[in-house]
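Report on the structure given below.
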Amino acid sequence: MRDAEFWHNKWASNQIGFHLEDVNPLLTRFWSALAPKREETVLVPLCGKTEDLAWLATKHDHVEGAELSLIAVRSFFAEHFYTPTVTPISGQHELYQFDELSIYAGDFFTAPLSKADLIYDRAALIALPEEMRVEYVQRIRGLLNPGGRILLVSLDYPQQEMAGPPFSVTQEEIEHLFAGMHVTRLYQDIADEHHPKIAKQGLSRFSEEVYVIENDK
C-alpha cells in the first residue's frame, strides 16, 4: 500500500480524528437497505478499530476486516476485552480471530481475504488519493460475490478547498468507478453554515452521502 507510512504514523501518534467512538449512525440506519441475511459474509476494508465491526458481528455469523495498522487491530480487541487467536500468514500478515470476527493485519491489497456477500465502506474509499481509488475499487469488486452488495459512505466537497484525507469522492466518480454495477444514492446530508467543515474550515459546501452498490452478475 503506497501510503502505508502515512497511516502508520497516524496510528502511532494517535492522530485518529477519523475514528468514531460509537457505531456509525449511518450504518445502523441504512444497513437494512442491503436486505442482509445473517449467514451472508461481511467485509470491512481499511477498518481501523471501528465499533462498526462489533455491531456487524451481532448481525452476521462471519465478519472480516482488513487493517494496515497493527496498533489499530490490537486496540480493537483490547478495548472490547476480546482475546483473539493470532495466526501469522506468510510473514506479511497476521490473522486475528474471535468468534464471528476476523481481522487481517497488513496490506489490504495483498491480504488473503475471503470473498464477501456484503461490503461496508465508511472510511476506506475516501481515505485514498485519486490515483489509488481505481486499484482499491478493482480489489473490492474482485472480492464481492455475484449478487453482492456494498454500503458506501462518501463525502462531496470542493477538493481544492481542503487537502484530504478524507477526500471528496463525488457521485459521478463513484458511478464511473463502479461502472457495470447498479449504484443508488440513498442519502445526502448537506451541511449548513454551522457545520465545522464550513464554519471552521471555510468550505463552500460539504455533504455526507450514502450509496448502495449492487453486483447484479
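Including glycine, each Cβ sits where the backbone N, Cα and C put it.
In Swiss-Prot this protein carries:
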BINDING   Trp11, Leu46, Glu67, Arg122  S-adenosyl-L-methionine binding site
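Annotation for Glu67 (S-adenosyl-L-methionine binding site): same-chain Cβ neighbours under 8 Å, separated by at least 6 residues, are Leu46, Cys47, Gly48, Lys49, Val73, Ile103, Tyr104, Ala105, Phe108. Annotation note: Glu67 (S-adenosyl-L-methionine binding site) sits in a strand segment as assigned by DSSP. Within the same chain, residues at least 6 positions away in sequence whose Cβ sits under 8 Å from that of Arg122 (S-adenosyl-L-methionine binding site) are Asn24, Leu26, Leu27, Thr50, Asp52, Val153. For Leu46 (S-adenosyl-L-methionine binding site), the number of other Cβ atoms no farther than 10 Å from its own Cβ, over all displayed protein chains, is 23.
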